[in-house]
Amino acid sequence: MASKKTKAAKSNSTALPVGGIAPYKEKKGEEYMNKDQREHFRKILLAWKQELMEEVDRTVGHMKEDAANFADPADRATQEEEFSLELRTRDRERKLIKKIDEAISDIDAGDYGYCEACGIEIGIRRLEARPTATLCIDCKTLQEIKERQMA
């Protein structure tokens, strides 16, 4: 039974993030956000942006192909609801593309990987999980607590 857990753990650790890019392997004594790390995250961000842009193109094509004037009001309503859902999804992706562009700009400026609230390192693992993160885990947690209190 222990061997099954080991195999599962190994298969999960080899899962590739966005764009099929393997997680960054930190070297002992390596400086944080060195050239290799910045280039690694640039590749992830560009691959992610490319995937999102391709999805936008597919959606536009899908909406053009499926745009039909149904005689039945129920069919027309269903199609309108599907289009509405797709457009909301694309709007979220448009906002994500903007965040990706901002992260790439931060890489170019040398600010990527540092918390915009307190200035400490965000951390390689957190950036692997969310390459557009702009807050360290402590500042993000504090922000979420404040948001819950305001709601």
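Any Cβ shown, glycine's included, is placed from N, Cα and C.
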- [ ] Quick one: sort out which of 1-21, 64-84, 85-105 is the region 'Disordered' according to TrEMBL.
- [x] 1-21
TODO: Over the span of the zinc finger (115-139), count residues by DSSP class, listing helix, strand and coil in order.
DONE: 9 helix, 1 strand, 15 coil
- [ ] Note the Cβ centroid of CYS115, CYS118, CYS136, CYS139, the recorded Zn(2+) site, then list each other residue of that chain whose Cβ lies within 8 Å of it, in sequence.
- [x] GLU116, ALA117, GLY119, ILE120, ILE122, LEU135, ILE137, ASP138, LYS140
Open item on the list: Just to verify: the residue among CYS115, CYS118, CYS136, CYS139 with the fewest other Cβ atoms within 10 Å, which of the binding-site residues is it?
Closed with: CYS118
